[in-house]
Amino acid sequence: MYLWLLFCVSALQYAVAAQNVTGIDGWLRYARIPNADSLRGQVPGHIVALNDSETSPVFTAGQELMSGMAGILGANADVSYSMSEKGSYRNATGTLIVGSMDQFEGASIDMGEEPELIEDGYHIAFSGSDVHIIGSNQRGALYGAFKLLAWLAQGRLPQDSYTSNPDAPIRWGNQWDNLQDGGNHGSVERGYAGDSIFFKDGGVREDLSRVPLYARLLASVGINALVVNNVNANESMVEPRIVEGLGRIADLMRPYGVRLGMSLNFATPELLGVLDTFDPFDESVIQFWQDRTDLIYSHIPDMAGYLVKANSEGQPGPLTYNRTLADGANLFARRVQPYGGVVMFRGFVYDSTSLNQTEDWRADRANAAVEFFDGLDGSFEDNVVVQIKYGPIDFQVREPASPLFAHLQNTATAIELQVTQEYLGQQCHVFYYADLWKSVLDWDMRYEEKPSLVRDIIAGRRFNQSLGGYAAVINVGLNQTWLGSHLAMSNLYLYGRMSWDPTVSGEDVIQDWTRMTFNHNPDVIQTIKEISMESWPTYENYSGNLGIQTLADITGSHYGPDPASQDGNPWGQWTRADTFSIGMDRTVFNGTGFAGQYPAIVRNKYDNISTTPDDLLLWFHHVNYTYPLKESDETVIQHFYNAHYAGAANAQTYAPRWEALKGKMNQQQYEEQLYRLIYQGGHSIVWRDTINQFYYNLSSIPDEQNRGGCGGDFPYRIEAESMELDGYNVTIAEPWNTASSGRLIAASSNDTATATATVPDSLLTSNSSTYDVAVNYFDVAIGIAHWTLYLNDRMIGEWKGDMEYRLGHAPAVAINGDSNTRITFHDVKVRSGDVLKIVGEPEREDVAAVDYISIFPPGVVD
Ligand code: GCU
């Protein structure tokens, strides 16, 4: 009997351990920790949450503490909601009381020395077996509860009292969810993880079950408001039927202290057909917005405020009526002011139609924000916050901090970061933001020659603002992992941690996150930390170097490599690359003058090429490809080649390093992430070769090491176009450099096509008896092609072109750098004279295209 029981218990444990981890709980899995037994006795057996209203964050805190302690420690704490009930739990050891300061006072609980708290801050005090979590407000109390649970989930319970206050009051998320977007209602702009959790079919979803789960994640890291719709806003957002739905969303977020915000379309009165103007000075327009604002607050009394993108990228704004941007912002600010709302007014304002690349050397989109806001400082209402993208262009792999941060001393500002990875691998490449964000937050503007860190400016410290802070474009979707990939979620966690405390260490954060999201295995923690910390330099290496921009396709997907799209595009995102030289001359004396938008010390540093750090060289200067770098022995062009080879080589190590974790983490997390890391390894080679081929072709300067794509041959490749073809045609990629040597094969009809080649002796020079065989092919989104690879009629493997269902990046609609990808077969016995055959079965647009086959000894990066 005893043995049977033992068997049942261990079977149960096994079942729990083997349960799938879909990612839906993010870092709030409350999984049992290794030292649960020793910690369990240290936590109180009874919880008192000082609010019994289910909509209050304090009530939520009680629930979270109970379930968290049960999950993490196996502790069995009860919750009650008033001190009088506490009596019935006298037998429990210790009490954990959670509530706001007011509630502690109301219940006459001795708080000891009164903690110094600002809005949303909290204090955790330990006294004997009792714990007090005291919030400055109810939201703060919930944050304190999450802090305590985070400690426990890390396997520790400090006994010293702990006080924490946020660095800035604004810590918002922005979702770019589309209420209506052409035919695709409920999509998410620059979202790579499925449809909106909020909208469907042009309205608010009936099923909003994902909303509280999301709000819970946000609250656990201190994010206190969420704008739920795209900055390119639809006018219907203020229609009564939508406002009613927004009220339902707000109700679901309120228990987590996450307030709802919304983006507005400036031309709403006209677009809805209510008025024939949207002039912010027009009385009927003012009245329109007053009525709609009143309506919104009648449904959502704690609405956080509005987010407004005006006069940018085709969006309407006040300039149409010769009113200033401040007039436009104030129109809304005055409406929400009595309700305590704020207006986040975007600094991302530019008009690329006024820029001419060929005729005007001084044309520069990077100048736009400062120019548009010129003269407006101080004319915004107090509840306006200018929300400024971290860099002057647009979420590029490396940018200097936007100079606009130094131009608004009498206006509150917030930095706009992105958690989603537009331009940066769209969650299919690992990109952990810690160091990139720090490069901007720690940027010192030296305003009036005094320390003026961006993080001090936005927190209001530098220029004495009471508002300001952080916004991040997050763009979660219905995907079970929220962002499309398990590892990408570390950025949402990081955003919360860094907006609460921008001095936090990126390494600490990723380790904390890993323990909670995966487990405490030291190998798991170490590997995830290392890959994450390497991820920015690695991606930068194989994308755009030296501050040139990301070099992703700028006119379409913003995903795969397309260096040619960097010039001549209508968006004003240029590199001015020609056959001799490259880079934007942003100097004052000879260029666009952008460097002059910074205060003098910073301006002088970047205006002068000899004091400009290499990593921003091409952001500020136009130089010959042969220009020598300061921090290495390379020329610009040689650095491009070297960096691309180094970056792609490092990306090859990710998957094997992950494979070493097999069995050390949950199988679902392991497999889903491995799939992406293998994909990234292949796609990094596509990036490398595309960019090297492009700049070699443009500059005609060969690589010193004579490597493939930049002057030399690819030593391990059989180009598909050189194979014997039956049913395949040779064709050219668009742009050409996204295919190896520019050419590829694609099925010429809907029928099966075949390509064969004899393996030449020259490819098999190593002593190895087995080889890796990689096939680079194009997986185009519409249709699912099928490929089979044979060696001497023995099947090596087969695969489908179904990545559009497995990866969430922007649809790869053509044969280009978005669709070029790779599959690798390991340990294949290959001998000279063997016959390789690829059989492709096309479907619709997916024409079973093949770029090349590469045969290389294990461990080599081809
Ligand atoms: C980028 C992005 C757009 C977005 C815009 C913005 O340009 O590609 O999708 O609308 O930024 O931030 O407003």
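Note: Cβ is positioned from N, Cα and C throughout, glycine not excepted.
According to TrEMBL, the feature signal peptide maps to 1-17.
Taken from TrEMBL, the feature domain 'Alpha glucuronidase N-terminal' applies to 26-148.
The feature domain 'Glycosyl hydrolase family 67 catalytic' is assigned by TrEMBL to 159-482.
Within 10 Å of the Cβ of GLU313 (active site, proton donor) there are 14 other Cβ atoms, across all protein chains. Taken from TrEMBL, the feature active site, proton donor covers GLU313.
Around ASP394 (active site, proton acceptor), the same-chain residues at least 6 positions away in sequence with a Cβ under 8 Å from its Cβ are PHE348, TYR423, GLN573. The active site, proton acceptor annotation in TrEMBL covers ASP394 (among others).
Residues or ranges marked as active site, proton acceptor in TrEMBL: GLU422 (among others). Remark: GLU422 (active site, proton acceptor) has ARG190, PHE395, VAL473, HIS558 as non-local neighbours, by Cβ distance under 8 Å and separation of at least 6 in sequence.
Taken from TrEMBL, the feature domain 'Glycosyl hydrolase family 67 C-terminal' covers 484-707.
Across the domain 'Alpha glucuronidase N-terminal' (26-148), the DSSP tally of helix, strand and coil residues reads 46 helix, 25 strand, 52 coil. DSSP assigns GLU313 (active site, proton donor) to coil in the three-state reduction, outside any helix or strand.
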